[in-house]
Amino acid sequence: MDTILVVNAGSSSVKFQVFSIEGEGRLRRQIKGQVDGIGSRPRLRASGTSGDPMADRAYPIEAVADVPAAMGLAGNWLREELRIHPIAVGHRVVHGGPDYERPVLIDHGVVARLERFISLAPLHQPHNLAPIRSVLANFPSLPQVACFDTAFHRTHAAVADHYAIPHQLHAEGVRRYGFHGLSYEYIAKTLSQIAPDLAKQRVIVAHLGSGASMCAIKNGRSVESTMGFTALDGLPMGTRPGQIDPGVVLYLMTEKGMSASDMQNFLYRDCGLKGLSGVSNDMRELEASKDPKAKLAIDHFVYRIGLNTGMLAAALQGLDAFVFTAGIGENSATIRARVVAQLGWLGMTLDQTENARHARLISRSDGSIPVYVVPTDEELMIAQHTLSLLMNRPSSHPQQARAS
Ligand code: AMP
């Protein structure tokens, strides 16, 4: 069985999935796993397609001290216990900088270029690159593909790509990149299958998870995103504030003596739903809470989705469809109902029965804007890109690339 390994590495976990390649290049998910608790309480967990557990093991801290060690652990488990020898590895890489507008086959030159973007995404990029380097070192002939969260947004016009700051900074890479691109690309592709006419028109996709953003898509291409230079901008998120006046940052630094690293921790970990509610960053807990601050946090989240929809509709010069996706968008009928009510002025109406059962189409036929719920699948997108780059490599047959 030929397989593709998909890797999504963060600071404390390496998530992985294995896809088998079926006839005509179709991909089937076989295994979903992760090594988490890196450097604290390492644990390997994995399950099969129907959720059947395949592994759940704890390791001593010194056995899995960093991301490369976690990658090694997952790779050994796959090779030695399951006899799975992937023919390629696809990686989620958060930042492709200004250069990469599509996935790329990795070599040492690509790694060197991607290292230049570490300063643009210091919390993610180093961890994304660590497993790439260790696979390059241990399996130099195994093809690896980098798939970027920024790539889908490289179609933005210059007016959307710039901040109103001196031009030199844009040339250095201070741009409005946008993120969650693999999710949006998957949604755009799926929409072209389930509603091909709408997919050619003006669509807003709301990716509402722990990280949250929205994207304006016209004819399958991203024209605007609520996120910018980093994944801090736009909507309030689990622990990030979303759009915030830079004056607040100056105030905290000058009046409260916060350093750059204090600010980084504050903005990435202490704000958003967690900071505002003082209860939790988890939408399920906020929905269940009676605390008025939890209610305020949800009200603020819904309000900002409404405001940002107006902004994106302006970028699109109208709106033909709206799509919810990711953890909150796919699972919270309450948030969806509140967002649709907030956007009633645009002509959105909700079919409450269909919304309650998480149907694909949740709007009523008397509304002017169809509203969809489409579960996202960034890992499948990465596997598809990896296979496609593998197949289109000049003079190479996938079998030759197998890791031994
Ligand atoms: P993600 O980052 O896409 O995995 O999404 C995580 C977010 O989805 C968290 O805020 C969860 O609380 C939220 N979530 C998951 N399931 C539900 C649910 N049934 N109702 C409300 N929120 C949910």
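Placed from the backbone N, Cα and C atoms, the Cβ positions cover glycine too.
What TrEMBL says about a protein is an automatic prediction, not a curated fact.
Taking Cβ-Cβ distances under 8 Å and a sequence separation of 6 or more, the neighbours of Asp149 (active site, proton donor/acceptor) in its chain are Arg92, Val93, Val94, His95, Gly96, Phe179, His180, Gly181, Leu182. Per TrEMBL, the feature active site, proton donor/acceptor maps to Asp149.
The feature Mg(2+) binding site is assigned by TrEMBL to Asn8, Glu378. If you take the C-beta of Glu378 (Mg(2+) binding site) and look for same-chain residues 6 or more apart in sequence within under 8 angstroms, you find Asn8, Arg92, Leu182, Ser183, Tyr186.
According to DSSP, Arg284 (ATP binding site) sits within a helical segment. Look at TrEMBL and you will find Lys15, His207, Leu208, Gly209, Ser210, Gly211, Asp282, Met283, Arg284, Gly327, Ile328, Gly329, Glu330, Asn331 tagged as ATP binding site.
Under the heading substrate binding site, TrEMBL lists Arg92.
Per TrEMBL, site 'Transition state stabilizer' is recorded for His180 (among others).
Taken from TrEMBL, the feature site 'Transition state stabilizer' covers Arg240 (among others). A coil conformation is recorded for Arg240 (site 'Transition state stabilizer') in the three-state DSSP classification, outside any helix or strand.
Recorded residues Ser210 (ATP binding site) and Arg240 (site 'Transition state stabilizer') have their alpha carbons 9 Å apart, per Cα-Cα distance.
When the record's ATP-binding residues Lys15, His207, Leu208, Gly209, Ser210, Gly211, Asp282, Met283, Arg284, Gly327, Ile328, Gly329, Glu330, Asn331 are compared pairwise by CA position, the greatest distance found is 23 Å.
Around the Cβ of Arg284 (ATP binding site), the same chain contributes no residue under 8 angstroms that is 6 or more positions distant in sequence.
Non-local contacts of Arg240 (site 'Transition state stabilizer') by the CB criterion (under 8 A, 6+ apart in sequence, same chain) comprise Gly211, Ala231, Leu232, Leu267, Tyr268, Cys271, Gly272.
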